[in-house]
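Here is the structure we will look at, set down as structure tokens.
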């Protein structure tokens, strides 16, 4: 067990293993989210072409079915922040089992398009809530040295959920697939019920004995939690003294910077085209005439996504957030450029690409791998790190709403963009956004690996004693001078 021991902020020792268990359990909601995100790919052909449910679904209607989850997720981002403050991070997440089960029930027994849309909407409510609550929970329970690793668990479980749906969807019909997916949130609830509440929440509620018990569970029974409790109490007292209104919160230098970074990362995550690639993987391979069965192709892509995200869990606290983001976005740009070139050649002369069926496979696999290493997990991880407790309840949900609305927009208009610009034009557009994202990370995004949440606030606020952050971090770059974001 000695390999699971680290030092805490006060120089005491604590075990890592319980933190990994709790972080993985909290991210079980991401597995449920991954199933409904990936569901559209194996469901599209059976429902639209084969009318498997016994009623007609047009391509336009299916695009709405796919997009409704994003609207549900956007709607839930703010309420989940309030729920986390009122009933705690743990019970806020457990309560999301209900909309997830209800959503799958509507899809399982759907007799018309409206039931499918409403079911997807409820699934989005549950999934959107987890995107806010799980990263917050894992950031609060983890020691600084493993906070990045625990933060990547969420995206890892999302990718596992997507791969699970690809694999099972290849073997069973849509209704059976949906039944299996409906069991997952129930399993999450049964497991996460036994995990501890965040000690931050207990301190906020002046329940210091409960906070001590939570830390004992997370750090081990021999852990002396008193110094950490005192630090949490001091931080909470400071937040209470600095209690601010919604408007005042967004006038703070640290909040403005955190918001710019968070919204920027969410913008470039979605405008890379990830949801278009995930939701329409089958269509991309079929239109590329790769000769590979589209179902097999999606399983290959899903496997790469899981493997790459798993890799990121091992390197995010070593390579750092900035490096992963820049490498990720640059190679996503390369991938979409390759797709753009392929489809442009195919449009001008199909004979030119007769022997290039491997190119879109390579490009999509590279795109998925690079997204999963950096721009998949890291933006959500950093949202859980960047905002102070006195603004987190509404700042983090704002980033979540922005992300899901962009996901809705990209998913909904992808087919229309292809009609207007052609496949080549769309991927040229995505490549441009990825290149801009690389520049954004270089100049704006700070490095947060290995520093405490308190030190991150000092860094964002421009305090000189936040010297533990690497000097080359984005916020220390002259291009992001602190006077440019000073609240007026």
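The backbone N, Cα and C atoms fix where each Cβ goes, glycine too.
Feature annotation from TrEMBL assigns domain 'Major facilitator superfamily (MFS) profile' to 1-449.
According to TrEMBL, the feature transmembrane segment maps to 20-41 (among others).
The transmembrane segment annotation in TrEMBL covers 61-84 (among others).
The transmembrane segment annotation in TrEMBL covers 91-111 (among others).
Long-range contacts of the transmembrane segment (117-137) within the same chain: residues 23, 26-27, 29-30, 32-33, 36-37, 64-66, 68-77, 79-81, 83-84, 89-90, 92-93, 96-97, 99-100, 102-107, 110, 151, 154, 185, 198, 380-381, 383-384, 392, 396-397, 400, 403-404, each at least 6 residues beyond the stretch ends and with a Cβ under 8 Å from a Cβ of the stretch. The transmembrane segment annotation in TrEMBL covers 117-137 (among others).
Look at TrEMBL and you will find 149-168 (among others) tagged as transmembrane segment.
The feature transmembrane segment is assigned by TrEMBL to 174-195 (among others).
Annotated transmembrane segment per TrEMBL: 258-285 (among others), in sequence order.
Positions annotated as transmembrane segment by TrEMBL: 297-316 (among others).
Proximity of distant same-chain residues to the transmembrane segment (323-345), defined by a Cβ-Cβ separation under 8 Å and at least 6 residues beyond the stretch ends, is recorded for 265, 268, 272-273, 284, 288, 312, 315-316, 352-353, 356, 359-360, 362-364, 366-367, 370-371, 373-376, 378, 422-425, 427-428, 430-432, 434-435, 437-438, 441-442, 445. Taken from TrEMBL, the feature transmembrane segment applies to 323-345 (among others).
The transmembrane segment feature in TrEMBL is assigned to 357-381 (among others). Long-range neighbours of the transmembrane segment (357-381) within the same chain, counting only residues 6 or more positions beyond its ends whose Cβ lies under 8 Å from a Cβ of the stretch, are 131, 135, 139, 148, 151-152, 154-156, 158-159, 262, 265-266, 268-269, 272, 274, 277, 281, 284-285, 288-292, 297, 300-301, 304-309, 311-313, 315-316, 321, 324-329, 331-332, 334-336, 338-339, 342, 403, 437.
The transmembrane segment annotation in TrEMBL covers 393-414 (among others).
Residues annotated as transmembrane segment in TrEMBL: 426-445 (among others).
The annotation region 'Disordered' is assigned in TrEMBL to 464-488.
Residues or ranges marked as compositional bias 'Polar residues' in TrEMBL: 465-476.
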Using a Cβ cut-off of under 8 Å, list the residues of the same chain at least 6 residues beyond the transmembrane segment (91-111) that approach it.
26, 29, 32, 36, 53, 55, 80, 83-84, 118-127, 129-130, 133-134, 137, 175, 178-179, 181-182, 185-186, 188-189, 192-193, 197
Could you check whether the transmembrane segment (149-168) and the transmembrane segment (393-414) come into contact, where contact means at least 3 Cβ pairs under 8 Å with the two residues of each pair 6 or more apart in sequence?
no
Go through the chain and flag residues at least 6 beyond the ends of the transmembrane segment (20-41) whose CB is under 8 A from any CB in it; none is fine as an answer.
62, 65-66, 69, 93, 96, 100, 103, 120, 123-124, 126-127, 129-131, 133-134, 137-138, 141-142, 146, 149-150, 153-166, 169, 177-178, 181, 184-185, 187-188, 191-192, 194-196, 217-218, 278-282, 298, 302
Given a Cβ distance threshold of under 8 angstroms, which distant residues of the chain, six or more beyond its ends, lie next to the transmembrane segment (61-84)?
36-37, 40, 44, 47-48, 91-92, 95-96, 113, 116-118, 120-129, 131-133, 136, 201, 275, 279, 392-394, 396-398, 400-401, 404-405, 407-408, 411-412, 415
